[in-house]
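Per TrEMBL, these features apply:
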DOMAIN    63-150  domain 'GHMP kinase N-terminal'
BINDING   Pro91, Ile92, Gly93, Ser94, Gly95, Leu96, Gly97, Ser98, Ser99, Ala100, Cys101  ATP binding site
DOMAIN    231-288  domain 'GHMP kinase C-terminal'
Amino acid sequence: MIKVYAPASIGNVGVGFDILGAAILPTDGTLLGDLIQIKQSKEFQLTNIGTFAHQLPKNIKDNIVWKCWDQFCKIIKKKILVTIVLEKNMPIGSGLGSSACSIVSSLFAMNELCNRPLSTNKLLKLMGKLEGEISGSIHYDNVSPCYLGGLQLIIEKNNKISQKIPNFKNWLWIIAWPGIKISTADARALLPSQYTRTTCIKHSRNLSGFIHASYTMQPKLAANFITDVIAEPYRSKLLPNFTQTKTTIKKIGALACGISGSGPSIFAICDNDLTAKKISKYLANHYIQSKQGFVQVCKLDTVGTRIIG
Ligand code: HSE
């Protein structure tokens, strides 16, 4: 039996729409992500457990793990008979890479169980394809950091999909999920299909400036470039009081703040525990809308998906 953990992630990181993503790990030692247990068996079986298992579709063939199994078998040209338990700990439609957690953990686990028939790049390609089936278009900014860890820039050049970017070890990433759901497909439908030249230039400057500052180890400069001119102006209205929240937590001391993936979760970055505590408290009191919502102080998860237990 193999047990695999896949971490939550922040798509876009505010500055790299569809092409920048960060895997995250709570500093209190808890795991924030989905788990898969897999073993050989006489027939295919899939069981869902975990806090958010009730949000999964009733029909097994609509379950993303079944789709992963189906596609994996087609690619390796062999029907593998396995018993899978999905521990669905990530809320669906939260903007924290919930679908990526299920896709990446299950494909990683199947590949391990079969002695790695698929290379890292092939597996990542398949993960992107399955993510695309859920959200309406292929984007790797959740599946790549979830699988490979750290901060990942999606390059899709010379047969390489993703490139790890240097990160700042003292950055704390505070995430807040308000406890409401936004479908990625709906949040994508809100965006314009074309942008003005001015917006394109701003976007290029912000993203290239962020990458430059990351490679030259200038944390304040990097944080200053985390500005979203592509999605935030159109999506912020979907989030509870986002503009006010962002202004306040920046006053508290956040170096940057933005929408995590397609929302409704948000992220804030700071560089010390005291500020992280103050931001968390504010978000817990003002951003959380239901009992299920949560706030977590995280570090980057530099490992990505792994076998545990
Ligand atoms: N880049 C994607 C989007 C992430 O913003 O639509 C979805 O989690």
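Note: Cβ is positioned from N, Cα and C throughout, glycine not excepted.
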In this predicted model, what is the average pLDDT of the domain 'GHMP kinase N-terminal' (63-150)? 96
Within the same chain, the residues at least 6 apart in sequence whose Cβ is under 8 angstroms from that of Ser99 (ATP binding site) are Ile64, Ile92, Glu131, Ile134, Ser135, Asn142, Thr184
Same-chain, non-site residues whose Cβ lies within 8 A of the Pro91, Ile92, Gly93, Ser94, Gly95, Leu96, Gly97, Ser98, Ser99, Ala100, Cys101 Cβ center for ATP are Ala8, Met90, Asn142, Gly261
Secondary structure tally of the domain 'GHMP kinase N-terminal' (63-150) (DSSP, helix then strand then coil): 51 helix, 6 strand, 31 coil
Give me the count of other Cβ atoms within 10 A of the Cβ belonging to Gly97 (ATP binding site). 32
Please name the residue among the binding-site residues Gly93, Gly95 whose C-beta has the most neighbouring C-beta atoms within 10 angstroms. Gly95
Including all protein chains displayed, how many Cβ atoms other than that of Cys101 (ATP binding site) lie within 10 Å of its Cβ? 30
